[in-house]
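Contents: one structure, followed by commentary.
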Amino acid sequence: MSNATNNTLGSLLPQLEAAANSNSLYGGMVPNLRFNITMIVIWGILLTIHVVQLLMRQYWFSIAFICTGILEVLGYIGRTWSHSNVADMDAFLLNMICLTIAPVFTMGGIYYQLAKLIEVYGHRFSLLPSPMAYSFIFICSDIVSLVVQAVGGGLCGVAVTDGTSTTTGNHVFIAGLAIQVASMAIFLMLWFHFLFRIYISVRWEHINSRPISLSLLKISQTEVDYLYREKFHFLRLEPKRWVFHYFNLAMTVAVLTIFTRCCYRLAELVVGWDGYLITHEWYFIILDALMMAIATVTLTIFHPGFAFKGRSTSIPITPGHVDPETLPHTDDVEDILDTSDSKQFDIEKEEFQASMKYPISTFKQFMSKIANLFSSKKKAKL
């Protein structure tokens, strides 16, 4: 009995010491070592899978998911590091900044998938003037959020180093997260509007009435497919393509879980660095770690490269509310079933570069600023 008691006390001793440490950056909470090491392994596996999927499907937007994986691994390395030293600012910033901004890149990839889906189902289902507008508007919003969070994180780091108040940095950081949450809320409304139009409105159009009843569920997608864009009917109707058939559901799960996680992060910062949420790790485990894991695993199984036949099918994003092939004097000479891997790879590469040029460059600048912050802080200590 005494041995068991001693072992228990021995395992709790580091946590008790940390709780008594007034310099703790976690309000006395010690990040769980086993959990965070497990998350490093899980995210390492997911990261590897997405790299392989990028090579297999040559789907360039896998890079957005790869960026998320790298940041998640770095973030959990920071939390593991903090387990042995809860007062270490480098470990805390690595954890806080990387895990906070990681979803930005996943959402950047998701925004682009909506543009692809509008191309597949038809431009008339787009609420915005162009399918690509979804990517541009929301990726730009994420860039603003990312920059504001970077400024807030930098101000907090400098304030802690100088021994001054972090209030200003906290407020700026919260503003950045609030922009991200507001942007995602708007995207969710547009996403559900799109789903309503392709699943409910087309059935109303098919039966020429607007009943609100479960009878609509009896109408199969095959029956209403003639109301979608004919050019990509092969993607929608092939019976064995279960990845595409459930892709919209997978997207919904991913967006809702990431939105839940971002709301939690915003609430965590509003409550404060020593508030109830940040000092109780179970909230982080369920509302952050689990939510991001569900979103990423879902997008790994229902990968866009498989859903859209990334190696063999070209789905260029085009402007306007009307499908290009229906416009007068439009020569539809593109072979959408072109089996040339190199041609499709070039198309996806150009689309990726056009949509992700600014997020990638901003991310590089952001990480450079963080590195400079760490470097200057270490020099100040010396």
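Even glycines carry a Cβ here, placed using N, Cα and C.
In terms of which side of the membrane each occupies, Swiss-Prot places Gly28 apart from Ile317.
Checking Asn6, Asn36 against Swiss-Prot, you find N-linked glycosylation site recorded for Asn6. Here the transmembrane segment (282-302) does not touch the transmembrane segment (172-192). Their Cβ atoms form fewer than 3 pairs under 8 Å, with each pair 6 or more residues apart.
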